[in-house]
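Features reported for this protein in TrEMBL:
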DOMAIN    B:53-234  domain 'ABC transmembrane type-1'
DOMAIN    B:308-498  domain 'ABC transmembrane type-1'
TRANSMEM  B:52-77  transmembrane segment
TRANSMEM  B:89-109  transmembrane segment
TRANSMEM  B:115-135  transmembrane segment
TRANSMEM  B:174-196  transmembrane segment
TRANSMEM  B:216-235  transmembrane segment
TRANSMEM  B:268-292  transmembrane segment
TRANSMEM  B:312-336  transmembrane segment
TRANSMEM  B:348-372  transmembrane segment
TRANSMEM  B:378-401  transmembrane segment
TRANSMEM  B:422-445  transmembrane segment
TRANSMEM  B:480-499  transmembrane segment
Amino acid sequence: MTDLQIKGLTKAYGPDMTVLQGLDLTVPSGSLAAVLGPSGCGKTTLLRIIAGFLRADAGTVTVGGRTLTGPGTHIPPERRRIGIVPQEGALFPHLSVAGNVAFGVTDRAARRRRTEEMLDLVGLAGYGDRMPHELSGGQQQRVALARALAPEPALVLLDEPFNALDSALRAGVRADVRAALRDIGATAVLVTHDQQEALSMADLVAVVRNGRVAQRGHPQDIYNRPADPWVAGFVGDAVLLPGTAVNGTATTALGTVELCEPTDALAEALQGTVLLRPEQLRLTEPGEAVPAGTVTDIRYYGHDALITVTVDDLDTPVDIRIGGHVTLRPGDRTGIRITGQATLHP
Amino acid sequence: MTTARAPWVLLAPACLAGAFALLPLGYLAVRSLERGLGFAWGVAATEGTALLLGRSLGLAVAVVAASLVLGISLAWLTVRTALPGVRAWSVVATLPLAVPSYVAAFAWLSAVPELAGFTGSAVALTLVSYPYVYLPVAAALRGIDPAQEEASRSLGHGPVRTFLRVTLPQLRPAAAGGGLLVALYALSDFGAVSLMRYDTFTRGIYTSYRASFDRTPAAALSVVLVVMTVALVALETRTRGRRGHSRTGSGTARPAVPVRLGRMTIPALAWCGAIVAAAVVFPLATLGYWLAAGNLAAWDPAGLVNTAGVTLGVAAAGAALTTALALPVGVVAARYRGRTADLLEQAAYAGHALPGITVALSMVFFAVRYANPLYQELPLLVCAYAVLFLPVAVAATRAAVLQSPPVLEDVARSLGRGPLRVLRDVTVPLAAPGVAAGAALTFVVCMKELPATLLLRPTGMDTLATRLWTETGVGSYADAAPYAAALILLAAVPSYLLGKQRT
């Protein structure tokens, strides 16, 4: 399996419809990368260009050193060795499960064995004779993965493959797909707008905005050290506080907090927005010299709860995530304490 | 969304089919203008033409008006009221679509010979073509969200005002589209008017062609007719475009609460009963009467079987050629949207605007000039069928291809199949049932075709339709009846199978 290199990819559908604006992305061999972005950010266009269904206006797509899209080069999709797992599976309705999986295997001698291996890989051994409409949504999605993997592609593209599944089923299918991809060491790109899916499945997340990669990194880095407030808000709930930073420590209305990347010790104090996650805030007993506020709203989710607190010295209320039992009521007074590290954005 | 350009293996045969469909139109223009525009104008702009024009338009107006009354009233009664037996009525109301105009004419003429002329033509044509209004209006009525009418009522409008201000304006596009189709049917019909001996354009063209060796007058008349029908089709397409805009939201609307007819139940039932009796029961009963009245000794079972065999044969050939030509056009139209695809599709739809008689004439001209060995030979007739019914087959193919999502073809490409093999392994197998349905439909319409068959059949060959026409024309109704019965029975088989497949 092989790495994916994308450089300067540009695509416009018209003079005012630029979808990709010089997008760069590298996915190392054998890893699962998630391309995460809101609808209309260009992620589907990106996927279709990688697969060869669309031509790029400029830029290159290279898989394992082989240029598939580039100036004067456009390898047709059938010669790219890129498997795709579309939304809702898109199994061929006129072929059996085995017929679907074997569709891309050109070596007739190996067809049967390969089909069985792949069905085994996705946990559907013995389902070869079923027709697609006899399978559940999750099973269809796993067959679609087996079909994409059967010809031993250099790269697998997954286009929001779990969208159509109901949420109870989704987590299980996600885990199965991830395990199958791990098993054979496939390089894969998962396109999604679901930040939970991206963070929980991928080795590498690329957040795309307006046709460019806004940030690329490991899921934890994306969540804990977002490049800007927009990325922070897109990948999770964010608490934004005005603050001043000196010597790697920021001072805010809720107290001081250590920064992930220390500011220059010699520089003057930096004004900016301090970015925290709701779970970094803790509720304490109200008291002297403790930042405090009034509880204005409580949203209870079962495994945790979000408490909205209107802080005395802040214009906008902050959200605080607490686990388990909620004893507070709206109108109660509470103190607030910051834990962990924050990022500062000018 | 796949690579924007269609592969040549598809585009080349599709272009061929498009050019083939345009051949009659092009040749008609050449032929009628070859002695100059002045001469053609001289031939066309005569008192005789003006008379024909007046009669054709008058007939069309009468048939459209009557069809609107029948179609809209039936649609409202079957969709919005608690009419007893609503389901049965709504099925029976569409049956006249299966009756060829010349069979209706045969029925009325043989029962009431005094009807011959304008009245008979108008009655026969109305009774076979009102479903073109009924079907779209009934669909539109079903599609209107009753919440709109409820909102109107709650805003203080009574039921009549609500119907006039909310319901009727939304029915107008459907009724207008249906009415234009009826007008097109009436203008291009040959069977009913020729049997009723009412001189309209189509009959005039036929007479002019039969009467003289100089075929330029027939060509010039054809051009006038084609101009009229093309204008109608253009109008119809425009109303269809607008209808799309007026619809908001595609969610399933709650069905409206049926209107209680109360004391009006009996008159409503009588009205529906009268229409169905005239359009369906009466032709069948007349047919039965003539079958029973026919002198058994005069029966010619061998001849009937022979004619039926010939009819099936030419219809099968016509359906095969039409489907083969339609396949590439349908795939290109469904999958490779763009200017080329639009042009191709429009070219293939030329037959929709061309009356059978003009297509036949242009085929005659073309064969006499460039392909003399084909003149009055079977292949020419089959080609005429293909031109006339390409729209039927293309529409079916296009719809069949559109039913399977294009992502399936993308997936097949990514699994290493080239465009041609994707067509063979994925697109065609998935579209096969729809394409087959289109072929069956084409088969039925070929079997019922009259004017082109009359003009182009090899000497001595008869189909059920031409035989029925000839016998009715000379007033031997009992001899005509077995052919009519055979035609209805044979056409019913594929129609029945099609209906079964759809449900």
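The backbone N, Cα and C atoms fix where each Cβ goes, glycine too.
Automatic, uncurated: that is what TrEMBL annotation is.
At the 8 Å Cβ threshold, with sequence separation of at least 6, the transmembrane segment (B:480-499) comes into contact with the transmembrane segment (B:268-292) through 3 or more pairs. Simply put, out of B:115-135, B:216-235, B:268-292, B:348-372, B:378-401, B:378-401 has the most Cβ pairs sitting under 8 Å from the transmembrane segment (B:312-336). Using a cut-off of 8 Å between Cβ atoms, the transmembrane segment (B:89-109) and the transmembrane segment (B:422-445) share fewer than three residue pairs, counting only pairs 6 or more apart in sequence. Contact between the transmembrane segment (B:268-292) and the transmembrane segment (B:174-196) does not hold: fewer than three of their C-beta pairs are under 8 Å, each pair 6 or more apart in sequence. When Cβ distances are compared across the two stretches, the transmembrane segment (B:174-196) makes no contact with the transmembrane segment (B:378-401), since fewer than 3 pairs at least 6 residues apart fall below 8 angstroms.
When the stretches B:52-77, B:216-235, B:348-372, B:378-401 are ranked by Cβ pairs under 8 Å to the transmembrane segment (B:422-445), first place goes to B:378-401.
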